[in-house]
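Quick notes on the structure that follows.
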């Protein structure tokens, strides 16, 4: 690799001085290095050391295969780097494919908030931004895409960072126009759109008959462009289902856009859905695409459709019927090709009868209904679901975690009114209370409003005289009542409730019970 002039200590603030220094060193690399691969490696190193950018990557476009391949990558070495030779992105696929097809920069303020990010390299920090810019090429067709991740979250600097990367892309465009992929795959290698692992059908855990039937429907639905209405209680995983349908469908390489129908007042809905032209209203300083345009060619997920107003329903019905729309303040009719997946926890049939939901919109949406069973209807699935969720929590926390068989059996005694979301919250709460990496019964705490049917360990005696205990009390009140009954002696109260001392101590701490009464 070309040795670049020394420029003092690494710059840790991305300001004008850092930009000029980085651009100067990049120009030196391009002028001194005739080998394209080595020049790109030097440029990405400059972005890391002098522009506060990590995991820089250059993907080049292969016309024969109509796909992008990874030409240069900074931040990983050895075998992991060799594996990137087989990574490909189709036009419009993921962030990189979207930058290539749209021929414009794309900024994700946080990777975790954007479903287009595919994470095929498994190196990026989900809490930080990602910036992709097209590298100019011949015939108005980008030669490839330059991608980098800022090392810190400074949303006010994203625009400046994007402009800087666009300048870098322009600098490297000339040598890249004549570049050919040095290590391209054989011509017969297919370019395939892979499903992001977090959205695969393997995320739908359960062997119960209800889940098997749901999975059979999902696999069939994913093959076609049919409108889908996902129904189920809060916390059953409706958004997860929508993700799985999209990313296992023929539209997987296109955008997946989410919109919560209850999140905005009516006066903002039209602009959010259909976009607006510059000057359409006070504050419209630029033209803005709406959710339908952003989802063109892909899928639009309309969450909480049952909460929408009559005005919103009328606007939505028009575009579903005609496939056409105009931006607010515009007179040009735009055609959009969007698959609709809607979700609700309401009984829409009752809402239609009550006049709260348009009957014609109901029939437009209810082409292929998918009903998700409540967790209480498939308690046996917890045997597989709990370890699966514990593994996810362990990955987030960066440590080893296990769950005991006894804890799983205890979880299966609860009715889970909050469904899978409540189960995951319960397990994460338990994980915080264990230092040994084992989630056991004594750190399982259910929500206060409902206790499990069998919340005690086998062999521990329950109090036989329960005249002192109001069975309508929630769990916190039951613990306080037992403590008052026993003079605030924890060991005695634990025996009265059929708990271990550790269990009651844990509940006293979590439930914020004041022990200073004695």
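The backbone N, Cα and C atoms fix where each Cβ goes, glycine too.
Source: prediction; values computed, not measured.
Feature list (source: Swiss-Prot):
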type     : residues         : note
DNA_BIND : 490-509          : DNA-binding region
BINDING  : 232-239, 295-304 : ATP binding site
DOMAIN   : 35-176           : domain 'GAF'
DOMAIN   : 205-432          : domain 'Sigma-54 factor interaction'
REGION   : 433-475          : region 'Inter-domain linker'
REGION   : 476-518          : region 'C-terminal DNA-binding domain'
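Reduced to three states, the DSSP call for residue 299 (ATP binding site) is strand. According to DSSP, the region 'C-terminal DNA-binding domain' (476-518) comprises 31 helix, 0 strand, 12 coil. In this view, residue 296 (ATP binding site) is surrounded by 16 other Cβ atoms within 10 Å of its Cβ, with every protein chain counted. Taken together, the residues of the domain 'Sigma-54 factor interaction' (205-432) have an average pLDDT of 89. Taken through DSSP, the domain 'GAF' (35-176) splits into 61 helix, 36 strand, 45 coil. DSSP assigns residue 235 (ATP binding site) to coil in the three-state reduction, placing it in neither a helix nor a strand. Its own atom aside, the Cβ of residue 302 (ATP binding site) has 23 Cβ atoms within 10 angstroms in the protein chains shown.
Sparsest Cβ environment among the binding-site residues 232, 238 (other Cβ atoms counted within 10 Å): 232.
Counting only same-chain residues six or more apart in sequence, the Cβ atoms lying under 8 angstroms from the Cβ of residue 299 (ATP binding site) belong to 242, 245, 246, 249, 251, 254, 255, 256, 257, 338, 339, 340, 341.
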